[in-house]
Amino acid sequence: MATNGVVISCLREVRPPMTKHAPSMWTDTFSNFSLDDKEQQKCSETIEALKQEARGMLMAATTPLQQMTLIDTLERLGLSFHFETEIEYKIELINAAEDDGFDLFATALRFRLLRQHQRHVSCDVFDKFIDKDGKFEESLSNNVEGLLSLYEAAHVGFREERILQEAVNFTRHHLEGAELDQSPLLIREKVKRALEHPLHRDFPIVYARLFISIYEKDDSRDELLLKLSKVNFKFMQNLYKEELSQLSRWWNTWNLKSKLPYARDRVVEAYVWGVGYHYEPQYSYVRMGLAKGVLICGIMDDTYDNYATLNEAQLFTQVLDKWDRDEAERLPEYMKIVYRFILSIYENYERDAAKLGKSFAAPYFKETVKQLARAFNEEQKWVMERQLPSFQDYVKNSEKTSCIYTMFASIIPGLKSVTQETIDWIKSEPTLATSTAMIGRYWNDTSSQLRESKGGEMLTALDFHMKEYGLTKEEAASKFEGLVEETWKDINKEFIATTNYNVGREIAITFLNYARICEASYSKTDGDAYSDPNVAKANVVALFVDAIVF
């Protein structure tokens, strides 16, 4: 017994094997950017003029099909935020319209748009395309545009809607085997992207940047919408680069890449998450705040997971729980830096929240950081002491280590619709929050190169699942892919259900976008976009480097 106690005592002083993270590939790429106010003003004036014409076009659309295709195009081009009132008005008309005469393309488009706009619509609308054997009619297999529309619609389904799972299988099979050479370029490119990233799960502004390039080559394009989308993206890209410049300079003042060499230097990648949450111009605080929230999460994760001993981790958790600057003196030097970094961000946050009428958010932000520390500490003990908890215990802890609560808290001052009641709702751990949290964890654990090696052993949810259910690694990975699919269905259902809880669309979209970013950030073959800069590179280049060509 005494020997066992000595072993445990020694173990608590052992540092985990340190992962050497790749350096930032961006260094000072964005820190010296200077916004041209005159150029922005010119863009703004052009946007306003073109918006008036586009608004007239939208309001002049009379048939449901005209309305739906135009709304879909505006959303794909990243322009819908300019026309929210008009689009919601048209969505109500579409919802009220009879759909008996709609073909597969129109039926599926209507279904998807209504659900994405939080309207209750039954999947029974697809019954007319089912044969006597309960399968989709094979005659549909030659209709590529209809198949694509059904494929996209099927990804807004719920768990209980078996017809939509059948739709995914049916459409994917036929789209993957389709001869697309004779199809219009726009259809070919849409199919290619959808099979990689279904539209409902795609990174909205990254998709918009891609779609502008595709739309430009389409013979049926509308020149007005093309020009508006280009000027709009140019305006937003300049805004993003200005925000990223400010953020980079702030980050450099901390010099954490030298002071905390075990931690990932990822300010640009953190800002990508901010753009993913809300890309629209009015959400500048959200993007900047989210980036700082991500950096807190990343540094805490690396401190617990990549450097701290168990004793140091326990001490840090206790000190953070007291939330007192004077307590920093109890910490090792490197932890003092981490602690002061967190408190500095919080103090600025507290001031911002007060200015923006969101003082009630500050205690919640503090609470989520403490909660995150406790969850990271628990996870590190499992890893270092080689304790495999039950899969359910791991999942419960993972809801916290997903960082979703700290991330959401970090942006509250920039969300007009958030109230104390919103925070109370989130603290009740609603399904929308827990499901989006688990999307990130499931992708984390199924991403092959993301599985963290500890002294030659791997410890992730896959390990817990393999042990508890006697599965091979491949079987566990397949099970997790299934969990991702089922969890998305829960998100889809709760996204609509929030309209019954007095939770605004702005908040529901925020959680939905978290899941979308997770989907875009993890790869089964290349790892994750925060740990490996090469995975995030394409998105960074598309959003902040490559200029729109007019």
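Including glycine, each Cβ sits where the backbone N, Cα and C put it.
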Segment assigned the feature motif 'DDXXD motif' in Swiss-Prot (from 141-145, 301-305, 421-425): 301-305
Around the Cβ of Asp305 (Mg(2+) 1 binding site), the count of other Cβ atoms that are within 10 Å: 20
Tally of residues which DSSP labels helix, strand or coil - the motif 'DDXXD motif' (301-305): 5 helix, 0 strand, 0 coil
